[in-house]
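For T104, H339, G340, T341, A342, P343, K344, Y345, N352, Y391, R395, the entry in Swiss-Prot reads NADP(+) binding site. Annotation source Swiss-Prot lists phosphoserine at S113. The N6-acetyllysine feature in Swiss-Prot is assigned to K142; the stated evidence is experimental evidence. Under the heading site 'Critical for catalysis', Swiss-Prot lists Y160, K230. Under the heading Mg(2+) binding site, Swiss-Prot lists D307.
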Amino acid sequence: MESKVVVPAQGKKITLQNGKLNVPENPIIPYIEGDGIGVDVTPAMLKVVDAAVEKAYKGERKISWMEIYTGEKSTQVYGQDVWLPAETLDLIREYRVAIKGPLTTPVGGGIRSLNVALRQELDLYICLRPVRYYQGTPSPVKHPELTDMVIFRENSEDIYAGIEWKADSADAEKVIKFLREEMGVKKIRFPEHCGIGIKPCSEEGTKRLVRAAIEYAIANDRDSVTLVHKGNIMKFTEGAFKDWGYQLAREEFGGELIDGGPWLKVKNPNTGKEIVIKDVIADAFLQQILLRPAEYDVIACMNLNGDYISDALAAQVGGIGIAPGANIGDECALFEATHGTAPKYAGQDKVNPGSIILSAEMMLRHMGWTEAADLIVKGMEGAINAKTVTYDFERLMDGAKLLKCSEFGDAIIENM
């Protein structure tokens, strides 16, 4: 199939050498506009990023944006049922760093979730979700500023692998028959009309995630890494996640037992400070992030727990509208708006573009362009502090000025 993508005349590819990015002064970065409110938030993000790069580097650096397609727009460009073209996957692999708006879930069979499909096809095994408070953001908790965590959610395993069979299907009956007759399973309460699923959790998948979390804690001078799990109930999956995490910390980072264990301390080779490696049961953790958020820092968890935790934490600091996220693998990274497509607001220039703008800030940091990233944070803090905000914040603030989506982007630029 001929290419449907226009490659910019100016710009060069980001390359990878020995696991490190080589970022040219004028990188080509693919972006997916996204469905629904993607038409509003993505243009605002592009404008903010361009302004930050221009202000930080005075024209010496510039991003050449290249639109690629997934979701509803892809079906218009590639054909009726082409939601995730092979060309899109190839270009993300080739150009190493990309960013996307929100994507709809295709109606009917085939791909269950485009977001999950992108993560799995590209082996983006880390879902990275930093959660911090921006001064002035309306929050339901008394001290949102105490929440400052970075979540490493395992992206490739757990029940998100999508290995499940519908109740009353021949496949479900076959699996249940095998479990009962071959494996001696007696605990399926109602086997006659029962959907069934499988939860994979591997040593390799766990260790590469926990390794990345500890490396992040070292590089960013963080105090602790917490393994969150339900190992008290699921001993051989969630419990194994905890055990393999501790094992990796001992074997690769010289972790030493604290008071007989299981908690460990790891010395940060850059600062000499100790990083505590600890674990907590998932339901207790969801209590603790409300009661004692300051005690937690870098979080490593399996896929489902990570989904719950990152959204719960986002609400604590002011909602999913400004929660950034990234999906990172060894070969490439895809930064994303973490909210849905909100089709009823599409094209109204109304919604908060903060999530994809702060995801772009993460992207710039990933590229090593920290000066431009810092300007976006400064601009976001300034706009929110000045109470110049979109409708989702304006209705919760006293004396705020209501801005459109595009105007909020402009306010971020003005506050840089």
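In case you wondered, yes, glycine gets a Cβ from its N, Cα and C as well.
Here the features listed in Swiss-Prot are placed on the structure.
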residue	record	Cβ neighbours (10 Å)
T104	NADP(+) binding site	18
S113	phosphoserine	15
Y160	site 'Critical for catalysis'	23
K230	site 'Critical for catalysis'	19
D307	Mg(2+) binding site	17
G340	NADP(+) binding site	14
A342	NADP(+) binding site	18
K344	NADP(+) binding site	9
N352	NADP(+) binding site	26
R395	NADP(+) binding site	11
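Nearest by CA distance to R395 (NADP(+) binding site), out of the recorded positions S113, K142, Y160, K230, D307, is K142. Look at N352 (NADP(+) binding site): DSSP puts it in coil. Annotated pair Y160 (site 'Critical for catalysis') and S113 (phosphoserine), C-alpha to C-alpha distance, rounded: 10 Å. Reduced to three states, the DSSP call for S113 (phosphoserine) is coil. Cα distances from G340 (NADP(+) binding site) to the recorded positions S113, K142, K230, D307 are smallest for S113. The 10 Å shell around the Cβ of K142 (N6-acetyllysine) contains 7 further Cβ atoms across the protein chains shown. Checked against D307 (Mg(2+) binding site), the recorded positions T104, S113, K344 differ in C-alpha distance, with S113 being the nearest. Using a 10 Å Cα-Cα cut-off from T104 (NADP(+) binding site), the recorded positions that qualify among S113, K142, K230 are S113. The two recorded residues, K142 (N6-acetyllysine) and N352 (NADP(+) binding site), show a Cα separation of 23 Å. When Cα-Cα distances from K230 (site 'Critical for catalysis') are compared across the recorded positions S113, A342, K344, N352, the shortest belongs to S113. When secondary structure is read from DSSP and collapsed to three states, the residue listed as 'Mg(2+) binding site' falls in the helix class. A Cα-Cα distance of 23 Å separates N352 (NADP(+) binding site) from the residue listed as 'phosphoserine'.
Classification of K142 (N6-acetyllysine) by DSSP places it in coil, neither helical nor stranded.
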